[in-house]
Amino acid sequence: MPGSAPANGEATWPKDVGVIALEIYFPSQYVDQAELEQFDGVSAGKYTVGLGQARMGFCSDREDINSLCLTVVQRLMERNGLSYDQVGRLEVGTETIIDKSKSVKTVVMQLFEESGNTDVEGIDTTNACYGGTAALFNAVNWVESSSWDGRYALVVAGDIAVYATGSARPTGGAGAIAMLVGPNAPLAFDRGLRGTHMQHAYDFYKPDMASEYPVVDGKLSIECYLSALDRCYSVYRNKIHAQWQREGVDKRFSLEDFGYMVFHSPYCKLVQKSLARLVLNDFLSHPRPNTETGPFSGLEAFREVKPEETYFNRDVEKAFMKASTEMFDQKTKASLLVSNQNGNMYTPSVYGCLASVIAQHTPHHLAGQRIGLFSYGSGFAATLYSLRISQDATPGSGLDKLCASLCDLKARLDSRRKVSPSMFADNMQLREETHHLAPYVPQGCVEELFPGTWYLTRVDEKHRREYSRRSLNDDLPLEAGLVNSTTATEQHIPSPVKKMPRLPASTAGPEVVTVTNGDH
């Protein structure tokens, strides 16, 4: 059972620490990228083919980073039948900063108030799109450490990705991911198998505190991303070779050893190029590649190329994208569902890709596979690591529950409302004009939000923000906020240890609430 302690109660390293449950949230509205091409006056296919994007989700002024995280956390807790006193660590990874001091995590703690649980470690972690991965690593490390008290860790990654008018705007998006971390997980971390690369660069950064928009050096950003991928893959490969050698396994590691390979996805076309990049790495590192048949067929002309000289080499790119076509279809294409339909979510991006893989496959198809994940954040920080999927795909297993919780992902994407490019542009202009404005009352329509969505009601003269939740039941008033509601519960996950958490669950029933980002 996910989260349960070993029967013998031995004080050993927790087994199979990883992701037990995963929830994703994205806005209820999107703009069509083909229509945006026409509106922007660019050539047909520039966004849809050149970037590989079909739709882009975006937030009205009713949603901010606090509301996104409130929504995804409460949705995860409700759908998995969890009580807030079962959580001992909560960390938020985000680069969407609306306060230079107060963390998003402290705002989310208002969901814990009814339970009485204030003993929750963790704060916010920030480095561009890498913050969610850093928060996830911290959660896993906590569960595997002497600090662990037997409760779950909760990791939240959320962002609103917006750009000034221009070529970067269609690479935006918005959303949040919440992940429940503990032992005996259906998605367990491969211990000791992380390849990390950190380096200084100004490829993408946000120096203007008064603006949501980043400063982007597009070409440098691609070079940093691909160079980090090369380095991380090399380190990961060396570590797994060393591990296999200790275990007496005599084989070479390659992409074939990953059942799936998912990437941080600024836009889908870069992901396809990135998989081709890993095939290039396999080709160059292989002592005697077969260039007569198989995936390396016809690539002998590239045997002596240096990776650092090929970031923008069209011949290399074209050849290895062709060579990796079948592998892309098998290992990566399914991961791009959310990215293609919702855009770049920044910190949640790679985990939206992970959710997309799980949502489109049965437990029996996934069981026993190893998933490679590449996380990248500008500035820059990157890690390539792997998760092992549980072998247990029986009904009611942790893997079965995880797949069931995400099986409606495509339907949820399809249920969103399409907005015209002109309305999208007006929305972006409104956000630009009202960013950090105080006092302020949002203008966006609450009725157009998904049921159960938290939203901003006002910002007072001291920049303190207040939120309410749209009811899960459309028949109830829109201002109703139901805490600890059981109406959306689909399954129950037990406490991670036999001994229940020391903070008892509150017996108070659901109530209508309004939450804020500060005391009044």
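Quick reminder: no glycine exception, Cβ is built from N, Cα and C everywhere.
These features come from TrEMBL:
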ACT_SITE  Glu95  active site, proton donor/acceptor
ACT_SITE  Cys129  active site, acyl-thioester intermediate
ACT_SITE  His264  active site, proton donor/acceptor
BINDING   Ser221, Lys269, Lys273  CoA binding site
DOMAIN    13-186  domain 'Hydroxymethylglutaryl-coenzyme A synthase N-terminal'
DOMAIN    188-470  domain 'Hydroxymethylglutaryl-coenzyme A synthase C-terminal'
REGION    485-520  region 'Disordered'
Protein Cβ atoms within 10 Å of His264 (active site, proton donor/acceptor), excluding its own:
32
How big is the Cα-to-Cα gap, in Å, between Lys269 (CoA binding site) and Glu95 (active site, proton donor/acceptor)?
23
Which value in Å gives the longest Cα to Cα span across the CoA site residues Ser221, Lys269, Lys273 as recorded?
14
For the binding-site residues Lys269, Lys273, work out the Cβ neighbour count at 10 Å and name the residue with the minimum.
Lys269
Beyond the listed site residues Ser221, Lys269, Lys273, identify every same-chain residue whose Cβ lies within 8 Å of the center of their Cβ atoms for the CoA site.
Ile222, Tyr225, Leu226, Pro266, Tyr267, Leu270, Val271, Ser274
On a simple 10 Å Cβ count over all chains shown, which one of the recorded positions Glu95, Cys129, Ser221 is most densely packed?
Cys129
Recorded positions near His264 (active site, proton donor/acceptor) (Cα-Cα within 10 Å), from Glu95, Cys129, Ser221, Lys273:
Cys129
Of Glu95, Ser221, Lys273, which recorded positions are close to the residue listed as 'active site, acyl-thioester intermediate', meaning a Cα within 10 Å of its Cα?
Glu95
